[in-house]
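Features of the protein shown, as given by TrEMBL:
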DOMAIN    22-195  domain 'Wntless GOLD'
DOMAIN    196-465  domain 'Wntless-like transmembrane'
TRANSMEM  202-222  transmembrane segment
TRANSMEM  234-253  transmembrane segment
TRANSMEM  273-292  transmembrane segment
TRANSMEM  304-323  transmembrane segment
TRANSMEM  343-376  transmembrane segment
TRANSMEM  397-421  transmembrane segment
TRANSMEM  441-462  transmembrane segment
REGION    471-493  region 'Disordered'
COMPBIAS  471-483  compositional bias 'Basic and acidic residues'
């Protein structure tokens, strides 16, 4: 059985329902749809040990599963539907499971929206999956009848659930070369996984609220930038890009998917997350780098070529992996990149390489944050020589800037953890028996943290024209030109006081 490692402090965003496939008889091997229950249910065998079953050929058996259970119906609020197979295979000395065996599955899927209409064929495909089973006790005659422990086998992934009822018919065709050495199959269980409707409503409500909030903040920020007398600096540009990517991630297109059969929704959601991840990771590197006083070249994207290159490389790897899996699902939901040992190795390699890239990025970010704090410490040592009013003002600025850097590091750590857990959660049933369940509290918490963080950055780093006018008046009274105090290495006025006082050529 699939075991879930989780705490009960928050509900899960997904539900997993186990169905026992009904063994239907199809002597003529026609393409009719076989129902496991109801008034027109198929002729069944309850066990392959029955006398009737012994008179049948393996090709006469069709495993039928109706989704959902009787007296229930599916809903568009479920967003997506996955199906995973688990085989009950008994050990027999004369019919053992061979090493590296492949099981061939003739899979068909149909749907209908009421209990009286005919089933409409949706997809049909013949797929191959590696069958990985272990036997915990010695393989002797005394242990015949015991069951193998088999890893779950991915069957299907659909990007929408717009119909009320689904019917899955599976057949394991047998001949001299197909499905040989797969052991004595007793039963097949289908585990259906879908998103909970309650979580979907909460998630879509959050996106609906956050979308106008971040959009208005981003538009206001760029308006403040555009009316400046100088061109925008690199940090301002990347903050604007971050606001756009956050708005793109917030777009609640799921509302439209409730009424349309959009099979590409999962792929679109991955594209939203990928764009936001790339913008967020690039922002963190540039945000820290632009506040380093010993940075030889500031306000240039080329100064961060290897960190940005690492982000682009990791994003490209995940994009290729996503297109190879969910892109094909648009035309064939039964396809799986995990369907062969080669595909499994390639998929694992892509995920591991992306995870390594993320970890290297995080270590690089931590190093840059340490350098920023060290440089800020040098500014703190100069505070006693300043006039009292300026010293108090700079103390407040440095304190707020340190706090913002710590929040940035915390947000980065939580994002990296979320990214890794999300990849593990999506692929858990391909890898074995144990899963790591990501709960709704963690998902909504991370999502809310992103929006609050982006809004805070936009608000704090928007140029304050009123503050600039006050500084000009103060410089006229003191006789000290403002540029001497606020000059950047690039020779332009920066967006905030924190940005200016950490400049390479700033003088206090």
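In case you wondered, yes, glycine gets a Cβ from its N, Cα and C as well.
Annotations in TrEMBL come from automatic prediction, not curation.
These figures come from a predicted structure and were not determined experimentally.
Long-range contacts of the transmembrane segment (234-253) within the same chain: residues 204, 207-208, 210-211, 214-215, 217-218, 221-222, 225, 265, 268, 272-273, 275-276, 278-280, 282-283, 286-287, 290, 298-301, 450-451, 454, 457-458, 461, 494-495, 499, each at least 6 residues beyond the stretch ends and with a Cβ under 8 Å from a Cβ of the stretch. For the transmembrane segment (343-376), the partner stretch with the highest count of Cβ pairs under 8 angstroms, out of 304-323, 397-421, 441-462, is 304-323. Sequence-distant contacts of the transmembrane segment (304-323) (same chain, at least 6 residues past either end, Cβ-Cβ under 8 Å): 267, 270, 274, 277-278, 281-282, 285-286, 289, 337, 347, 350-351, 353-354, 357-358, 360-361, 364.
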